[in-house]
Amino acid sequence: MPIITLPDGSQRSFDHPVSVAEVAQSIGAGLAKATLAGKVDGRLVDACDTIDRDATLQIITPKDEEGLEIIRHSCAHLVGHAVKQLYPTAKMVIGPVIEEGFYYDIFFERPFTPEDMAAIQQRMRELIDKDYDVIKKMTPRAEVIELFKSRGEDYKLRLIDDMPDEKAMGLYFHEEYVDMCRGPHVPNTRFLKAFQLTKISGAYWRGDSKNEQLQRIYGTAWADKKQLAAYIQRIEEAEKRDHRRIGKQLDLFHLQEEAPGMVFWHPNGWSVYQVLEQYMRKVQRDHGYVEVRTPQVVDRILWERSGHWSNYAENMFTTSSESRDYAVKPMNCPCHVQIFNQGLKSYRDLPLRLAEFGACHRNEPSGALHGIMRVRGFTQDDAHIFCTEEQVKKEAADFIKLTLQVYRDFGFTDIAMKLSTRPAKRVGSDELWDRAEGALADALNESGLAWEYQPGEGAFYGPKIEFTLKDCLGRNWQCGTLQYDPNLPERLDASYIAEDNNRKRPVMLHRAILGSFERFIGMLIEHYAGAFPAWLAPTQAVVMNITDKQADFAAEVVRILGESGFRAKSDLRNEKIGFKIREHTLLKVPYLLVIGDREVESKAVAVRTREGEDLGSMPVTQFAELLAQAVSRRGRQDSE
């Protein structure tokens, strides 16, 4: 009979097969009440599942990350229960867990309205209040098919067809409602009280726009109402920081239907863009990169040779001229290989680091576009390092160090690094993969920072390092990458003369730090809520007069600051000074300079910050020094 080993090493013996819930009850009533599921020998199971052999067991409660996922998955099933009660003709599709929430895809003859969503949420609360048990039944395949046929659930039947090897399936019963799932799920609806539906959007069956359109109901769920309230507060703050809203408020950019997914940069936004580009240009030049420029429209032949045409053609914009087919480049790498291939290269020329602020275009689905975060036309801070296999570790280590420095300059200090390793389907020998993964792992170790593996997540031709930033709202943004690639040099016949006078293929390291300028600027807007640090701010200082008598000196101050390389402007309107201060505070200008008669007399400026701090009156040269110090700090914290 089973001996159960618990996480603390203690053991409990039972003289009969025992469920996870019964083990929890034997430990204590409090734990039993909190039990959601169990992890038996590392595998998640339902609380009702029995253990009939010696095993290790971890009791899963709402405090565990796995417990939170179970709550969210069960809430998706609860959406199904409520929808089928309110709209019996609706057909249920799938309801998975996503980051911080869940959704359910549903086919219904008319669009759901906000009133429908409110009714669904209310019915879910009523069902939770019934405090009913969720019943699991492992059911033979044929019975499952008959059940869903009798209920007219066509999409469930299609999903069953996708699983021909499944002889029995888990059915979870919420009273009269039943759904099919691998589980586990909560044993009772009392665990689902801290939830909220968040939005409705469109979706397509199997994610294919050629298929029928579905409706997707999103929601979030948490272990308790305190966590839910904190999440809602964070989402409300995120809405206030939405880059689309702030972009309009600060006159940074706009998008319009005539050019979907293409950004119209206004002077203020283009100023931020230019600061980024000039900063990255200097950083890369200081680290041994040479800048290049390649065509945006390239013959189809090159994309066929590189492999992009067969794998990526549907995402490429194409055109024809004089009986030749062309593609607008979606990426820069094949073009950089063409530069490498011009002229004979020696091992002495390596590593060769080619960088480009490359304008790329990708035919993203219109439904996936989102402000400047997800666009069709974008610029990458792209570079490709051509090197020998022996140089990979040093190049990777140098890149990691550079990338972390750049992120700190932009105010990001919480950075996760991950190494994606060989997938099941891959090219190249295991020995080659061992060396490639080992070189990248050694480079990560040299950084002295924590990192983790992502097993099986590498490209089919090589491993990859990913950098993920956490912003002030705790959101993760995947930005930088370093991709090991021996494949493209082979396809495009890149070679160099090795020390033994034989031709060899270089290793190509694809790397980006910001990713796309558009997306990174969107991140910065939301991270800073538009209140950019002084070095990024479109206008670093605004000079305001109190009366017309100070207009000439105000213009003189703007001239002096401009000649010192600062972005300053004047506001000489015949408005009250309090009105001007409020307006430029809302425009998030870092420094507000007020000039009255005393300032004209003493050749000084009265300095305020956008946060409302009064820095007092000071000579213009002293303010210029203060601003220069603020700019030199970039986005770093004072303690850094």
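Backbone N, Cα and C atoms are what each Cβ position is placed from, and that goes for glycine too.
Among the candidates Cys48, Cys75, Cys181, Cys333, the residue that Swiss-Prot names alongside His384, His510 for the Zn(2+) site is Cys333.
Over the domain 'TGS' (1-61) the predicted model carries a mean pLDDT of 93. Taking the centre of the Cβ atoms of Cys333, His384, His510 as the Zn(2+) site, the nearby residues of that chain (Cβ within 8 Å, site residues left out) are Met331, Asn332, His336, Val337, Asp382, Ala383, Gln483, Asp485, Leu488, Met508, Leu509, Arg511. Around His510 (Zn(2+) binding site), the same-chain residues at least 6 positions away in sequence with a Cβ under 8 Å from its Cβ are Cys333, Asp382, His384, Thr481, Leu482, Gln483, Asp485. Helix, strand and coil counts from DSSP across the domain 'TGS' (1-61) read 14 helix, 24 strand, 23 coil.
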